[in-house]
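Undergrad: Sending over a structure as structure tokens; questions will come in a sec.
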Amino acid sequence: MTKKSNAQLVKLGKKYVMNTYGRLPIALVKGEGAKVWDADGREYLDFLAGLAVNSLGHCHPKVTEAVKAQVDQLIHVSNLYWIEPQIELAQSLVENSFADKVFFCNSGAEANEGAIKLARKYAKLHMGPDKYEIITMEKSFHGRTLATVTATAQPKYQKAFTPLPEGFRYVPFGDLKALEKAIGPHTCAIMVEPVQGEGGVNLAEPAFWEGLAKLAKEQNLLLIFDEVQSGLGRTGKLFAHEHYGITPHIMTLAKALGGGTPIGALLATDEVASAFEPGDHASTFGGNPLVTAAGVATMDVLVQGGLLAHCLEMGAYFRGHLNRLAEKYTFIQEVRGLGLILACELDRPGADIVAACLEKGLIINCTAVNVLRFLPPLIITKEDIDHAVAILEEVLASVEANAGGTPA
């Protein structure tokens, strides 16, 4: 444990770290499985998993063993040379997906930036010089670089950074007619999250996905699936688009891929990937030996041992509890999600509920102002869920007792 307290670390952090996050007043210093501990030694049940990064739980033994072994052998070389664990991770991703080729970077935003560049380069080569526009969905989230925040169809993330790059058009998520109407002479691709995470854990009807695939084929458009949050087992399948029986040309991954280490990946078919040539795109740290060794270990755990089936089982169990709470507390308007990305939409802001849960030892999140989001590690047990639900219900009961206001 660190020698500094929560209060000391918060004070130092405010002094030295840029104010870009709305942080809660604790410093987490240790994690194991579904639990974390703060600098004061207090234990929490983590139902956010580092924003879907720690899907195998904190410090999974196979990941930590792989990282320790790699640290002793080779931490970094540039991509001017072949890197063994990078090749192994690319092979694992290709063998378990639609893709033929992989590019590695450091984050989801970088992966999406690469996807935008790849789509535009492919379009110029195969569709014509005027094909550059990408259609994205309202309430989407694709990152915070200038291009990806423009692809993110949420003005609250964009307004401070205008003028934005050209070449993006927005439609309501799940609205096939609006999507068809938005396709124009410059359109080259459609970029979409199979489950909108940051936008409020939003899902589209199966008919939308079927129509989307048909429309892309008829109009000769690329499909880009942003699976940064929904991918790698979070929904009970390795990739969320598998639930809908459709296949993209390009897919982006990050978050859970490195077992807690920073990594992103851009996957594509051979035809599309071949648009990139040396010098078109690069990353100094992308796919370095350390993070790809962690990624190989993470993929091994994900594709072996029944973890995906466990995710579906725990997701159904947790959702059953949330549905029961929604029946009991009328300020819960809807329960939704897939696998272990779940949400309760409220009729009021949810930040106070998140803070009250934290006080009682449960870490959750509020997104889109009034949506409680749950992203527990895939390794959680029924006992973990029961514990989390007991804390959540105690807080919700306090809200109701306080005349429907904030927790008492």
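Cβ atoms here come from the backbone N, Cα and C positions, even for glycine.
As annotated by TrEMBL, pyridoxal 5'-phosphate binding site applies to Gly108, Ala109, Phe141, Asp226, Glu227, Val228, Gln229, Thr284. The N(2)-acetyl-L-ornithine binding site annotation in TrEMBL covers Arg144, Ser283. Per TrEMBL, N6-(pyridoxal phosphate)lysine is recorded for Lys255.
Buried or exposed, and what's around them? Tell me for each listed feature.
TA: Counting Cβ atoms from all protein chains shown, Gly108 (pyridoxal 5'-phosphate binding site) has 27 others lying within 10 Å of its own Cβ.
Arg144 (N(2)-acetyl-L-ornithine binding site) falls within neither a helix nor a strand when secondary structure is assigned with DSSP, and so counts as coil.
Of all Cβ atoms in the shown protein chains, 27 besides its own fall within 10 Å of the Cβ of Lys255 (N6-(pyridoxal phosphate)lysine). Lys255 (N6-(pyridoxal phosphate)lysine) carries a helical DSSP state (H, G or I).
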Undergrad: In the structure shown, with every protein chain counted, which of the binding-site residues Ala109, Val228 has the densest set of Cβ atoms within 10 angstroms of its Cβ?
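TA: Its Cβ has the most other Cβ atoms within 10 Å: Val228.
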Undergrad: Should Glu227 (pyridoxal 5'-phosphate binding site) be counted as helix, strand, or coil on the basis of DSSP?
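TA: SS state of Glu227 (pyridoxal 5'-phosphate binding site) = coil.
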Undergrad: Taking the Cα of Arg144 (N(2)-acetyl-L-ornithine binding site) as the centre, which of the binding-site residues listed as Ala109, Glu227, Gln229 lie within 10 Å of it?
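TA: Candidates kept after distance check: Ala109.
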Undergrad: On a count of neighbouring CB atoms within 10 A, which of the binding-site residues Asp226, Glu227 is highest?
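TA: When each Cβ's neighbours within 10 Å are tallied, Asp226 tops the list.
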Undergrad: Can you give me the Cα-Cα distance between Asp226 (pyridoxal 5'-phosphate binding site) and Lys255 (N6-(pyridoxal phosphate)lysine) in Å, rounded to a whole number?
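TA: The separation of the Cα atoms works out to 12 Å.
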Undergrad: What is the biggest Cα to Cα gap, in Å, among Gly108, Ala109, Phe141, Asp226, Glu227, Val228, Gln229, Thr284, the residues listed as binding pyridoxal 5'-phosphate?
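TA: Taking every pair among Gly108, Ala109, Phe141, Asp226, Glu227, Val228, Gln229, Thr284, the longest Cα gap is 25 Å.
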Undergrad: So what sits near Phe141 (pyridoxal 5'-phosphate binding site) in its own chain, CB-to-CB under 8 Å and at least six residues off in sequence?
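TA: Thr152, Gln154, Tyr157, Glu193, Gln196, Gly197, Glu198, Gly199 - these are the non-local Cβ neighbours of Phe141 (pyridoxal 5'-phosphate binding site), listed in sequence order.
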